[in-house]
Amino acid sequence: MALAAFASIFMGNALEGGLLLAMFNLAHIAEEYFTSKSMFDVRELKENHPEFALLLEKSGEESVQFSNLSYTKVPVHDLEVGSHILVRAGEAVPVDGEVYQGSSTVTIEHLTGETKPLERTVGDAIPGGARNLEGMMIVKVTKSWEDSTLNRIVQLTEEGQLIKPKLQRWLDEFGEYYSRVVVVLSLAVALLGPLLFKWPLFGNSVCRGSIYRGLGLMVAASPCALAVAPLAYATAISSLASKGILLKGGHVLDALSACQSIAFDKTGTLTTGKLTCKAIEPIHGHLGVTNGHSDSCCTPNCESEALAVAAAMEKGTTHPIGRAVLDHSVGKELPAVAVESFECLPGRGVAATLSGVKARNNENELSEASIGSVDYISSLYRSNGESEQIKQAVRSSAYGPEFVQAALSVDKKVTLFHFEDEPRSGVCEVISTLREKAKLRIMMLTGDHESSAQRVAKAVCIDEVHFSLKPEEKLNKVKAVSREGGGGLIMVGDGINDAPALAAATVGMVLAQRASATAVAVADVLLLQDNICGVPFCIAKARQTTSLVKQSVALALTCIVFAALPSVLGFLPLWLTVLLHEGGTLLVCLNSIRALNAPTWSLVDDIQQLLDGLRNYFSSKFKSSSSNYVTNTVPL
């Protein structure tokens with residue numbers, strides 16, 4: 001542009017050169033404005049987030065109380081998990097935690113887009129960055145600043161906007177060679193025009209000169225519009241981040257839009273994951289078992305001893321079944337059981353050596369115990385006949401096959417635990433949208449037995465169910481489906497024991513609230529507030545974005561051709577060429593920031609959304625005009 005301006009001055013068109021630079025600068029100011037509008041401003045989150053927290057002090061084992069508060073102002077980076085902080089009305093919660101005392105109303109609109117204020121009381125989780133609207137709360141810190149929700153949003157959004165998708169990397173490389181070709185072609189037009197087409201070199205009143213035409217080609221064919229075509233990727237990442245959905249780069253959008261299948265984990269993903277223990281049933285090896293009850297071989301009884309053993313083994317666990325066992329044991333008088341040694345077997349269960357439980361053969365011996373799936377517990381019995389007896393006892397359970405089941409073995413005594421899990425609210429609508437709008441193949445992958453899996457699948461309207469899968473079988477199934485059909489597979493899980501499957505899928509989506517650090521590290525998409533309704537929104541946004549990028553590239557190329565060809569032929573003055581070129585760049589920017597709009601599934605939906613927007617705009621303008629008219633009318 002500078003070269004074209006100076007050349008215009010050299011050829012005696014100083015006004016045109018000045019106008020060229022003025023339009024160029026104004027256009028780029030507009031481009032910067034639209035680009036900034038498209039970005040989720042993480043700086044605002046950083047500025048509004050407190051740098052310090054009010055750390056409550058307590059002496060010894062004394063619990064924290066509102067009546068006797070003593071606190072110290074400390075940097076949020078110094079807060080430790082398990083400490084207690086005070087959050088007053090109007091303040092932001094500095095890190096993730098749970099309400100320890102008090103209750104209040106909070107807003108998380110700037111984190112997830114949820115505009116409705118949320119009630120939070122004792123025991124409720126509360127994300128870092130949530131703003132306390134009223135009241136005063138004591139919050140127990142559950143995550144450090146590095147792992148808190150707000151820091152994840154800031155960090156992953158900034159990283160996601162820096163990681164370039166394949167098309168953007170290709171355009172960057174293409175742009176370097178393309179620019180050199182444009183310069184060479186412009187010189188060729190300027191130098192060869194007089195020889196091939198008899199154009200004058202500097203131009204006259206009858207014909208524009210070849211140098212002028214070459215400058216026009218250089219301006220018109222400049223790759224500015226192509227360079228901003230991938231802006232839609234960053235815009236979409238920002239839009240999703242404002243809804244509490246974090247992507248690890250624009251390449252995830254391309255992968256999402258190409259996937260033809262989606263698989264859901266069951267427990268904690270399609271269901272709430274908050275299992276409740278409904279029954280404890282002795283089924284094998286107990287003395288005097290009658291109709292699922294025994295009174296003679298355990299202390300104080302078989303159900304209490306089994307619960308005490310299971311609670312001791314599951315202490316500190318993150319697995320839904322373990323949490324349900326611990327919740328069920330709260331407030332009950334149970335015998336004291338100590339774990340002497342402990343081994344975790346992923347996808348199978350837990351094995352431990354216990355003290356405090358009377359061994360069958362010798363009171364002084366330590367007891368061997370295992371808890372896990374029915375298949376795992378039955379496999380521990382070497383005799384095929386005994387293993388089959390356990391399975392038959394499970395099948396003939398008095399409580400039926402509808403519950404989630406786990407088995408406990410203590411010194412050859414097997415007890416069956418029955419748990420109930422409810423589907424998440426809104427899951428049926430999510431599955432229906434993915435099937436009817438996204439046209440995806442939908443399946444459920446679970447390690448639970450057939451009856452429990454089918455019960456949940458029926459409740460959430462999923463037809464294809466793969467049950468009783470061990471971790472390696474689930475991993476192999478994900479790999480196989482990812483290779484089938486050519487499109488790839490989206491795996492959605494809660495991040496507990498499904499990290500390998502999430503990593504093997506084309507795109508791994510994790511409900512990040514309870515996910516392990518490994519699952520968060522391997523997943524491509526994080527749903528911060530465990531909002532499964534964000535799954536179809538994310539897929540629709542990905543398809544919208546890839547479509548917008550293709551439109552932007554086509555629009556950029558069209559603008560280049562329509563500006564360059566008439567300029568070389570001498571039909572356009574240089575200032576008008578600049579206007580067309582920069583106008584095309586602005587059109588590409590405007591098209592890209594459409595990724596901020598709510599995503600749609602089809603062209604018909606796009607048109608309907610546009611018409612609704614225009615209708616709302618003109619309706620608001622009409623109401624505003626009517627209001628002003630009434631206000632300014634002077635009564636007679």
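The backbone N, Cα and C atoms fix where each Cβ goes, and this holds for glycine too.
Heads up, TrEMBL stuff is auto-annotated, nobody curated it.
Quick look at what TrEMBL lists:
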- 6-27: transmembrane segment (TRANSMEM)
- 67-158: domain 'P-type ATPase A' (DOMAIN)
- 177-197: transmembrane segment (TRANSMEM)
- 217-241: transmembrane segment (TRANSMEM)
- 553-576: transmembrane segment (TRANSMEM)
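Contact counts against the transmembrane segment (553-576), taken as Cβ pairs under 8 Å, peak for 217-241 among the stretches 6-27, 177-197, 217-241. Long-range neighbours of the transmembrane segment (177-197) within the same chain, counting only residues 6 or more positions beyond its ends whose Cβ lies under 8 Å from a Cβ of the stretch, are 209-211, 213-215, 217-218, 221-223, 226, 568. Applying DSSP to the domain 'P-type ATPase A' (67-158) sorts its residues as follows: 22 helix, 31 strand, 39 coil.
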